[in-house]
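Under the heading disulfide bond, Swiss-Prot lists CYS197-CYS435, CYS426-CYS507, CYS545-CYS562, CYS585-CYS600, CYS625-CYS640. The feature domain 'Ricin B-type lectin' is assigned by Swiss-Prot to 532-652, with sequence analysis given as support. According to Swiss-Prot, the region 'Disordered' annotation covers 31-66. Here Swiss-Prot flags 381-443 as region 'Catalytic subdomain B'. Taken from Swiss-Prot, the feature topological domain 'Cytoplasmic' applies to 1-6, supported by sequence analysis.
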Amino acid sequence: MRLKIGFILRSLLVVGSFLGLVVLWSSLTPRPDDPSPLSRMREDRDVNDPMPNRGGNGLAPGEDRFKPVVPWPHVEGVEVDLESIRRKNKAKNEQEHHAGGDSQKDIMQRQYLTFKPQTFTYRDPVLRPGILGNFEPKEPEPPGVVGGPGEKAKPLVLGPEFKQAIQASIKEFGFNMVASDMISLDRSVNDLRQEECKYWHYDENLLTSSVVIVFHNEGWSTLMRTVHSVIKRTPRKYLAEIVLIDDFSNKEHLKEKLDEYIKLWNGLVKVFRNERREGLIQARSIGAQKAKLGQVLIYLDAHCEVAVNWYAPLVAPISKDRTICTVPLIDVINGNTYEIIPQGGGDEDGYARGAWDWSMLWKRVPLTPQEKRLRKTKTEPYRSPAMAGGLFAIEREFFFELGLYDPGLQIWGGENFEISYKIWQCGGKLLFVPCSRVGHIYRLEGWQGNPPPIYVGSSPTLKNYVRVVEVWWDEYKDYFYASRPESQALPYGDISELKKFREDHNCKSFKWFMEEIAYDITSHYPLPPKNVDWGEIRGFETAYCIDSMGKTNGGFVELGPCHRMGGNQLFRINEANQLMQYDQCLTKGADGSKVMITHCNLNEFKEWQYFKNLHRFTHIPSGKCLDRSEVLHQVFISNCDSSKTTQKWEMNNIHSV
């Protein structure tokens, strides 16, 4: 009997507990009239946060948590019309508004629902003049070799006996590897920062980072000096790993020797090898997938040297706001002597914003008064419309939420603009950081280059540009095609997922971007006028064309065999009467006769008129005609004579393929 009573009591207890849980669950279930769906979504995202405790070791779990918004690798499909989608959604939003739908605030907040909210608490940096910053070295940096060559970034000039070896190394690697190999991998460098940078104090609760370096057939000492400089000048608690992506190199020193060498760092440095040549762009996306330990991804080119206290200023803005992407100030390492100097241009402090002309060539323009007014001190980070692309830092998850790089971009070129536009137009910020400086070696003339693999096809960079403008420039893309008319018929693949990304994230228009962020671009590079005609300028019924021969800024154009490949033989004449090639104009030389090519803006060298039916170019200021000597291969102007066959020309369109 006692057994039955105990069994009954236990049964009643279980049933009662179950009913109590049901009542509690019902009380917590959201009702249809719940006023804060945004809050619930954010709470759910926090619960699923793969790095909920950022104040700890900051190690991210497996890569299955990170899925690109844009499918990767590249898939082909069909282009969609973003404007038609916008019009349809606009009509839908208006219907919701009239029907008592969401408030304008709710609609604006939707832009950020696909990005994880900021959960990391970080205090703003504090400037304390005269008090050395908490991340500044307390003692002068030790040299790699006392009194050694290249220490303190002083130039190393070799004698004439090294000339042949130097030329061979430049041809193979793009740098003077003879000098580089003589310089310590741990050499000391000069400090090019403003004095004020030394007195910034940063919250020590910084995010950790994975440094990603992509290389293809890089010289040994320039690559390893990049790695050594990062390890030497980065506080160890923040450096989660250095990830090297070997993009299908075939140099022997980048195989077993590299594998053995990096064992010195007990797993801190890792190398992953691509099974085929992917190109710099997609290799960086691969690097993001392989780098799993750091909260921030820092991309460096394979021939850099980070400077003193580079890390804290670069990562601090990201620690405060995860949608900020930062770029260090890039100094120039001379590829011959390895001296480090500030990059030219910019304002009186050497500060510049990243920009472009309408043919999509990278430019630097001085910091504007408006941007200066946004800062309290001259060493604070400042806004830039674009980055050069080789060196930057971005929160890892945010980069994945942005979809990494467009998977349709190939090898190199245009990716710096694509990621810049994507960040700005979709709710992020791009900041240049004056107190974080990194030296970079630029390839020297005479380098043989790294040709793209056969599977890529021709004109990969131009195709990249077309993809970028088709996705991000909206109606401004017409200005690109005015500057690069040969690209109008260029196939650029499927961009439907990229446009869907823009729509899903309520990314702003390029017009907004040009007015609010890149407002100074048109003052330096005015919108180009329409073209009257474009193509090769061929001597009428001949096989000879005008060729710039790669000359710029004052060189004379010549006559050469027509090759139908564009490039140095591609010109355009616009409604402003300018005869142009990229950002260069044709004009008469100092002798008043020979025709030269020189840099111009839209207010210069409005000198030419093309009479298509007459096959004639007239030089307006002189009233003379464009002429040629097929014997001397010269191009000049002379008195107009309708009987002279050498004054007859035709422009034939050339389309890139």
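Placement of Cβ uses the backbone N, Cα and C atoms for every residue, glycine included.
What you are looking at is a predicted structure, and each value in this text was computed from that prediction instead of being measured.
Known features from Swiss-Prot, placed on the structure.
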| residue | record | DSSP (3 states) |
| --- | --- | --- |
| CYS197 | disulfide bond | helix |
| CYS426 | disulfide bond | coil |
| CYS435 | disulfide bond | strand |
| CYS507 | disulfide bond | coil |
| CYS545 | disulfide bond | strand |
| CYS562 | disulfide bond | coil |
| CYS585 | disulfide bond | strand |
| CYS600 | disulfide bond | coil |
| CYS625 | disulfide bond | strand |
| CYS640 | disulfide bond | coil |
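Considering only the disulfide-bonded residues CYS507, CYS545, CYS562, CYS585, CYS600, the Cβ with the fewest other Cβ atoms within 10 Å is that of CYS600.
Cβ neighbour counts within 10 Å, taken over all protein chains shown, single out CYS435 as the most crowded of the disulfide-bonded residues CYS197, CYS426, CYS435, CYS625. In the structure as shown, the Cβ atom of CYS640 (disulfide bond) sits within 10 Å of 17 other Cβ atoms. In space, CYS426 is the closest of the disulfide-bonded residues CYS426, CYS545, CYS640 to CYS435 (disulfide bond), judged by Cα positions.
Reported as a whole number, the C-alpha separation between CYS545 (disulfide bond) and CYS600 (disulfide bond) equals 22 Å. Along the region 'Catalytic subdomain B' (381-443), the predicted structure has mean pLDDT 97. CYS600 (disulfide bond) sits 21 Å from CYS625 (disulfide bond), taking the CA atoms of both as reference points. Using Cα positions, the member of the disulfide-bonded residues CYS562, CYS585, CYS625 nearest to CYS426 (disulfide bond) is identified as CYS585. Per-class residue totals from DSSP over the region 'Catalytic subdomain B' (381-443), listed helix then strand then coil: 17 helix, 20 strand, 26 coil.
Cα to Cα, CYS640 (disulfide bond) and CYS562 (disulfide bond) are separated by 24 Å. Note on proximity: among CYS197, CYS507, CYS562, CYS585, the disulfide-bonded residues of the record, the Cα nearest CYS625 (disulfide bond) is that of CYS585.
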